[in-house]
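These notes concern the structure reproduced below.
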Amino acid sequence: MQPDITTTPALEVHDLTVAFDRKPVLWNIDLKLPAGKLIGIIGPNGAGKSTLIKTVMGLLPLSSGYVRLYDQPIDNVRGRISYVPQRESVDWDFPASVMDVVLMGRYGKLGLFRRVRQADRDVALDCLRKVGMEAYANRQISQLSGGQQQRTFLARALAQQADIYFMDEPFAGVDAATEKAIIGLLQAMTEAQKTVIVVHHDLQSVTRYFDWVIMLNTRLVACGPTETTFTQQNLQETYGGKLTLLSDVGDLIRREHFPNREGISKPAL
Amino acid sequence: MNSLIDFLSLADPNIRFVVIGSILLTASSAIVGTFTFLHKKSLVGDAIAHAVLPGICLGFILSGTKNPAYLIVGAFITGWLSLVSVEFITRRTRIKEDTAIGLVLSVFFGVGIVMLTVIQKSGNAAQSGLDHFLFGKAAALVGEDLMVFGTVAVVLLLCVFLLFKEFSLLAFDKAYAQSIGLPVRRIELVLTSLIVLAVVIGIQAVGVVLMAAILITPAAAARFWTHKVGVMVFLASVFGAFSGLAGAYISYIAPAMPTGPWIVIVISTIAFISFFLAPRRGVISRLVRQRSIRRTINNENVLKTLYQLGEESKNFLRPHAEADILHKRRYPAALLASVLHRLQRQGYVQRTGTAWQLTEEGMSRGQRVVKIHRLWELYLTTHVNIAPDHVHDDADTIEHLLTPELETELERLLNYPRVDPHQAEIPYKKPV
C-alpha cells in the first residue's frame, strides 16, 4: 500500500502505538510522508487524528515505535516544526493582544530568558499581513471571532519560519472566506517546499485541498497521494464502523492493567 | 493624623522595618500570584499555604529557634511535599484534582495545628510568637527578618523578570510551549517553587489561613483593569503593596488588631471596587452600556413608529398626537413621553402643540431602521430558510444592532430588493 518515497521523507512513523490510560488509541502506525506536500489526516471522531500529530511532535508519550522527522529524532529538529493547536484548546480570555500571541511563535528561536526584539516584531507583523490580520495587531484576543482566532494561530505558526507544519482542525468553526484564505496560504507554503499536515473533517473538500491523505481509524487504513488513496473502498474501511474486536481488546488491556508491550510496564496503583 | 505622619515618615526604625517588610511581602506574593492566577492554580496556592504550617513547626522543633531561615526551609519542604502529594493523588488514583487539594490541605494543616499545640504546651520559652504564623505578624517584623525576606523577594522578582515570557506562554498554551521545545516541566518546577517561596514569605504578613487572599486577590483585582500581563503584574503588586502598608498601619495604631485579616480586608475591598468600577469589565460599566443600548432601542423604536405612520399617510413630516403613536405601537405612556422628549433634545423630532413630528434627521434614522428590519426579514426567509411568520422578532433586534458596513453588505447580497416577505416596500435613501 505504501508508495515509495525516493528522497528523505519529511516524516517517518514506525510501528507507533499510543495508549491513554493503558488503552491503545493508535495501533501500530507505519507511514512515510514526502516533503513539500499538503497532507490531510481524515477519519471519524475518536480515530486518533489529533493524537497522531501530538505524538509525532512529542507532546504525548508513545507506547512503542519511533518517529523521525527529516531522518532525525524530533528533539534535533524542534526549530523546523510548527504546531497549530485546536482553537478551543486555549482560553481566549487570556490578557494578550493578537501581536502578543503571534510573537509567541518567535520564542523557540529566541530561547530562554531573552526578550523579544524589533526583528521579531517585524516578522510577526509580516505573518499577520499574510493572514490578513495586520489591522488587528493590537486587538485583544478576547474580542476576536472564531475565524480571526484561527488566523491568529496560523500567523503564530508562520512566525516560527518552520519547514513542517502540524495543524489540528484549522478549518473548524471558521467562515468560508477564512477557509479559502487559509487554504490558499497553505498551498503557497507547499509550493515553497514546506510540508503541511492538517487534521481535517470535511470529506467534501479532501480532493480539492490535499495532495496526500492519511486515512485513520485507530489504525492506519491508507496513506498516499489523494487520487490513488482517497477511494470509495478506503473510505468504507475508514468510516464503516469501528473494528469492535480491536476496541474490545483495548478495553481489556486497560481493565486488566496489562502493559502494552511486554517488559516495559510501570507499576500502577 | 499624627500617627499617620509618624508612620509614613519612617523615622522610627521599627516602623521602617514594618513598612518595608509588609510592602515587600505582599507585593512579591502578588507578583507571583498573578502567574498562579493565570495558570489557574489558585486553589493550589491555598493548599500550599496551609501545608507550610507543619514545616514551620518542624523547623522550630529541629533548630530550637525562631530564626526565619530555618522556618523557611521547613516550610518550603512541606509546601513542596503537599504539591507532590496532590499531583500523585490526581495522577495515580481516580480522585480529581479539587478533591485531592481538599484532602491534602486539611491533612497538612491538621498535622500543623497538632504540632503547634504540642510546642506551645511544651513550656519552651522560645516558642512564644510561633502562632503569629496563623494570622500574620507584619507589625512585629524586625531587621533580621527583613534580611531573609528581602533576599527571597529579590530572588522571586528576578525569576519572574527572567522567565516572564515563558510563564505567560505556559499559562496561555502549554501544548504549544512544549511543541516549540521549551523545557515545560522545568519551567513549571520553577514557577511552583516560586509559589511555595511566595507563600512561605507571605505568611509572615497574613498567616497561613489567609495566604491565598494576598496571593490571588491582587491578581484577580488587577485583571479587571487591563488586558496586558505586564500591566497586570504591576497593578497586582501595587494593590498588594498598598494593602500590606494599610494592614501594617492599622496594627501600628491598634496593636491589638491582627495584621493579616486587615491586609485581607483592604485587598478584598480593592477587588470589590474593581469588580464594580473597572472600565468595560466592571459591573457598573456593563450596566451603563446596557442602559445606553436600551435607550438606543427605545429611541429607534419610536422613530420607526413615526416613520411607519408617515408611510400610511404618505407624509413623513406630518405631526402625530401621542395617542396616535400609542395606537400604532404599544408603549407605556410615560416611557413614550420621556423618549419623545429625549428625541427632541437630540434633534430627531419637534413638537407642534401637543403633537410630534419627525425632523429630517429623525426621518432618515427611522427610515434606516425600517429598511434594515425589512431587509433582515427578507434575508432570513431567502437565505436562512426561516418561515416568513417567524422572522419579525429577530428583525426587531437586528434593526438596532447592524453596523453600516453590514448594512451595505446586506443590501448588496440581496441586490436592493423592492419589498420584504410581507410585501411592505423597503425604503432606500436614494431609489436604486
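Every residue, even glycine, has its Cβ placed from backbone N, Cα and C.
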Candidate ranges B:69-89, B:321-341 [criterion: TrEMBL lists as transmembrane segment]: B:69-89
Annotated transmembrane segment segment (source TrEMBL; candidates B:43-63, B:190-210): B:43-63
DSSP helix/strand/coil residue counts for the domain 'Iron dependent repressor metal binding and dimerisation' (B:359-427): 48 helix, 2 strand, 19 coil
Folded-back contacts onto the transmembrane segment (B:101-119), same chain, C-beta under 8 angstroms, at least six residues removed: 43-44, 46-47, 50-58, 60-61, 78, 81-82, 85-86, 89, 95, 127, 130-131, 134, 208
Per Cβ pairs under 8 Å, the stretch of B:43-63, B:139-164, B:233-254 packing most closely against the transmembrane segment (B:260-279): B:233-254
Confidence summary (mean pLDDT) of the domain 'Iron dependent repressor metal binding and dimerisation' (B:359-427): 86
